[in-house]
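Below is one structure, written out as structure tokens; the observations come after it.
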Amino acid sequence: MKAGHLLWALLLMHSLCSLPTDGAIRNYYLGIQDIQWNYAPKGRNVITNQTLNNDTVASSFLKSGKNRIGGTYKKTVYKEYSDGTYTNEIAKPAWLGFLGPLLKAEMGDVILIHLKNFASRPYTIHPHGVFYEKDSEGSLYPDGSSGYLKADDSVPPGGSHVYNWSIPEGHAPTEADPACLTWIYHSHVDAPRDIATGLIGPLITCKRGTLDGNSPPQRKDVDHNFFLLFSVIDENLSWHLDDNIATYCSDPASVDKEDGPFQDSNRMHAINGFVFGNLPELSMCAQKHVAWHLFGMGNEIDVHTAFFHGQTLSIRGHRTDVAHIFPATFVTAEMVPQKSGTWLISCVVNSHLKSGMQAFYKVDSCSMDPPVEQLTGKVRQYFIQAHEIQWDYGPIGHDGRTGKSLREPGSGPDKYFQKSSSRIGGTYWKVRYEAFQDETFQERLHQEEETHLGILGPVIRAEVGDTIQVVFYNRASQPFSIQPHGVFYEKSSEGTVYNDGTSYPKVAKSFEKVTYYWTVPPHAGPTAEDPACLTWMYFSAADPTRDTNSGLVGPLLVCKAGALGEDGKQKGVDKEFFLLFTIFDENESWYNNANQAAGMLDSRLLSEDVEGFEDSNRMHAINGFLFSNLPRLDICKGDTVAWHLLGLGTENDVHGVMFEGNTLQLQGMRKSAAMLFPHTFVTAIMQPDNPGIFEIYCQAGSHREAGMQAIYNVSQCSSHQDSPRQHYQASRVYYIMAEEIEWDYCPDRSWELEWYNTSEKDSYGHVFLSNKDGLLGSKYKKAVFREYTDGTFRIPQPRSGPEEHLGILGPLIRGEVGDILTVVFKNKASRPYSIHAHGVLESSTGWPQAAEPGEVLTYQWNIPERSGPGPSDSACVSWIYYSAVDPIKDMYSGLVGPLVICRNGILEPNGGRNDMDREFALLFLIFDENQSWYLKENIATYGPQETSHVNLQDATFLESNKMHAINGKLYANLRGLTVYQGERVAWYMLAMGQDTDIHTVHFHAESFLYQNGHSYRADVVDLFPGTFEVVEMVASNPGAWLMHCHVTDHVHAGMETIFTVLSHEEHFSTMTTITKEIGKAVILQNIGEGNVKMLGMNIPVKNVEILSSALIAICVVLLLIALALGGVVWYQHRQRKLRRNRRSILDDSFKLLSLKQ
């Protein structure tokens, strides 16, 4: 056998016996360095071209002083070097700012990070979106590992570590994903503080073949690639705060680090670490492909809507010109810019826009001819006037739902509607867009179906191929404009003023007219994945914050060609409604002074209660109406109703728009609520099957209490034929009792204290968990739902195994489409409670009947088609149930549970899913014990002996009772999240609460699939009040891994836990035990990730061990064969050598003989 044949055999054995990456090994040499960072290196507001001396807002952040740091801070960042000597730094694009270098890899690649820490404290590097083992996680927390497995958790000053990450198929982009997915990496010793200090950078993982062979590799599928971090960078959390005070404040001793204005001055509203347009120019060519990789990081205020002026984007196949971004949210957007010019990118959340979160991008023609717009449609003319009016937020004078007067003393509404010498009441001067017949502006255009619009301007409608001509007449006392979303326009028709090098009259002064021309070319219209019509908005942008709070906003509808009838209405839709959810802040209105003067207010009383006065002027409105004063929205049972929902405002404007009584379809997914943020828009379709009078409200509890409610009425109309009756199957019965218990949010503090390596008093959790100094600690009396075996309510269902993780939640109620769910409810608590479910068809109209203490009630929930998964959903959808006597106080008292509805044939007789191996339901909620029914009892039981010493309005006391919990547990005290390697897991992710309940939930070490018509890869779930998501995972990585909310305050407050993946060996030994005990094999059916790709073939999970065993056996055989062949070759080689030696000896002998002769 030749040596080449032996080499071939050894290579074949290697390829069979090992499962290495078949891609590239990409080495990155990163150093952690301290730097001085200037947030505004140009020294001015570039957006307005004003100096800091002329810009009071910019100077409040950027000018240093006696007790102000200014715009320059010491930071710590990642830098890239050419090799392990760390002497030659690799330059990066200037627009990356203080972000670390871009890391790139394809499916099958290995990334080796050679990290060296040149800074003064320990740091790490932790990635999202890639595969790693325990020695390369880069995250410090108690996980049971030790020794070399902990070396990655904290790299000390002067130390180094090599991190090994890979991109297997289970972490790579799916078929439906874009070619490259957006991820990040960051330090994770104390992640919130490390990131605030500057240690964060971008990472992309791409489909195979996307990157070229250059060094560094470049993408072959796009022409330009940009990475933008939108974040309110809180320098108060930086490890260098003391250094920055000492260096940049002229009188460091005068600084009070707890002073509110000082802290505000250190919160930099930045894009890549630049504010007020100081981001170096982002340049690109028109008609070229651009990939925008957008991500966020930060705290509860980090609700960002990135608005790209002048162009449109595609995100997951949907048309938009905005991207909503939250902490640890990653967005990949695609653009082909058409309009050349200098354009604005800004976060249009009002407070962020004012504070400088803006930048420019420049589109050059690059010698390309301008594209010819395919405009074959109509020219649609609109004549719109800005008109000043007196607006009444409560014109009917009472709550439209309860009938109570809005001015009744002590009621909720009287805060906003009681007029006095220190309150304006419910009527304000505002300005509104109004439609007219023609350019003479003499005759108003009235349409009966638009009476519900309220403060909104008229609906502007257009189809793909149309041109929109808007003649705007400003009859108001301030300069105003019209700025649209969702259409194309030249610079002369933009409506926003900024330093773009042009001088067009974009804004109409008082009693001036301006004409705007907007177009809808095919590339701006709805995509194939979009509904027939997309909801957009137009608004005045002379001063976007003050203009919109003054009232200037209206809806815009862009439809596919042929979607509108001759009357301009959408075909195939019986009714359409446009609803704006926003907190109108009258303190920010142009007419604030006029309103105070008209109210004849007492300036002395105002000065005594500034905060209360300003709060009374924040009107939580739907189309400018509070407390169900919006004219009733009437529809018929069986109608196809289009709800066009719009958001506007500031970071508090996080609205979960809930439709009681019926469900919605959003992009083919079944929902009971739609999420809105400032400058985001939703098109939702409803086909109501439940007659009655129902509420529309914001799910955020404080917004609902403040009046963000309306009423819609579903009637059985004679003109509509009844749809075929739903056939319901046999009932599933649940026996549930409300009982009062002592609940401990954190019974074991060892994990928390080990993680932060500190004493109880110095821990982040001290304020929540200590019962000293007038605080209550971690124990509270609560009411919970618990399941029993039958109607005697004597034997509780045990909470072990699959139910252990539920914690404070009630039982997981399951059903299929066509089921009747019967809930027998006994109230063993001391006050009335009920059970109300989202998504289902309840037998009673309105809110369910309450059970008095000791009473037993039976609730019946029917599960029609519209309660189950939509065409774009997973096999099951998640809902929630809770007590609804007082929905807010009941839920905070503990009465909440999960509900799952599946397609037919998914559930086994025992209730489990046949397409999943594990199911977990997790509620991420800040339990506000200040709003619990049991607060007084808890103070008496767990508070100080002298309860009079407790100040219920004290800020520390209020904060201490807000428990940032996962299923009611803090700091990894939740148990039962255990899966086995290779198992398929469904995670039902739930959120309720207030506008601060923004939760971005990150799974370490694992990725999951999110279904939205297609499968998309992610490792973070975005949750908001009233949202319920389902994500699916195949557990692949054995270990104890962290799961946590990525919002800064929530991390420190304990919203984190551990989920454990056990290895194959443990899995199959457990499966054998279960098989012997139950005599039943677990059914493993194929779902998206249920196959593992080995040797180029898709292998079902259940066959992985068999194939692995076979491969090992083959490897052993091949190894023996190779050794035998090697022995043969070695023997043959030795024999040949011996023969050569014999010949040599014989030859030498013959030579000697010849010499002798």
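Glycine is treated like the rest: Cβ placed from N, Cα and C.
As written in Swiss-Prot, here are the features:
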TOPO_DOM  24-1109  topological domain 'Extracellular'
CARBOHYD  Asn49  N-linked glycosylation site
CARBOHYD  Asn54  N-linked glycosylation site
BINDING   Gly70, Tyr73, Ser265  Na(+) 1 binding site
BINDING   His126, His1002  Cu(2+) 1 binding site
BINDING   His128, His186, His1046  Cu(2+) 2 binding site
CARBOHYD  Asn164  N-linked glycosylation site
CARBOHYD  Asn236  N-linked glycosylation site
DOMAIN    370-559  domain 'Plastocyanin-like 3'
BINDING   Tyr416, Gly425, Tyr428, Ser616  Na(+) 2 binding site
CARBOHYD  Asn587  N-linked glycosylation site
BINDING   His655, Cys698, His703, Met708  Cu(2+) 5 binding site
CARBOHYD  Asn713  N-linked glycosylation site
CARBOHYD  Asn757  N-linked glycosylation site
CARBOHYD  Asn930  N-linked glycosylation site
MOD_RES   Ser1144  phosphoserine
MOD_RES   Ser1149  phosphoserine
MOD_RES   Ser1154  phosphoserine
Most Cβ neighbours inside 10 Å, all chains, among the recorded positions Asn164, Ser265, Asn587, Asn930: Ser265
Of Asn236, Ser265, Met708, i.e. the recorded positions, those within 10 Å of His186 (Cu(2+) 2 binding site) when Cα atoms are compared: none
Cβ packing number for Gly425 (Na(+) 2 binding site), 10 Å threshold: 20
By Cα-Cα distance, the member of recorded positions Asn164, Tyr416, Tyr428, Asn587, Cys698 nearest Asn54 (N-linked glycosylation site): Asn587
Among Tyr73, His703, Asn713, Asn757, His1046, which are recorded as recorded positions, the nearest neighbour of Tyr416 (Na(+) 2 binding site) by Cα: His703
Residue among the binding-site residues His1002, His1046 whose Cβ has the most other Cβ atoms within 10 Å: His1046
Shortest C-alpha distance to Ser265 (Na(+) 1 binding site) - which of the recorded positions Asn164, Tyr428, Cys698, His703, His1046: His1046
Helix, strand or coil at His126 (Cu(2+) 1 binding site) [DSSP, three-state]: strand
Cα-to-Cα gap, His703 (Cu(2+) 5 binding site) vs Asn757 (N-linked glycosylation site), nearest whole Å: 39
Output field, Na(+) 2 shell: CB within 8 Å of site CB centroid, site Tyr416, Gly425, Tyr428, Ser616 dropped: Tyr393, Phe417, Lys419, Arg423, Ile424, Gly426, Thr427, Glu586, Asn617, Met619
Proximal but sequence-remote residues of the same chain as Cys698 (Cu(2+) 5 binding site) (Cβ under 8 Å, at least 6 apart): Phe581, His620, His655, Gly656, Val657, Met658, Arg704, Met708, Gln709
Between His1046 (Cu(2+) 2 binding site) and Gly70 (Na(+) 1 binding site): CA-CA distance (Å): 28
Other CB atoms within 10 A, centred on Met708 (Cu(2+) 5 binding site): 26
Cβ-Cβ neighbours of Asn757 (N-linked glycosylation site) (radius 10 Å): 9
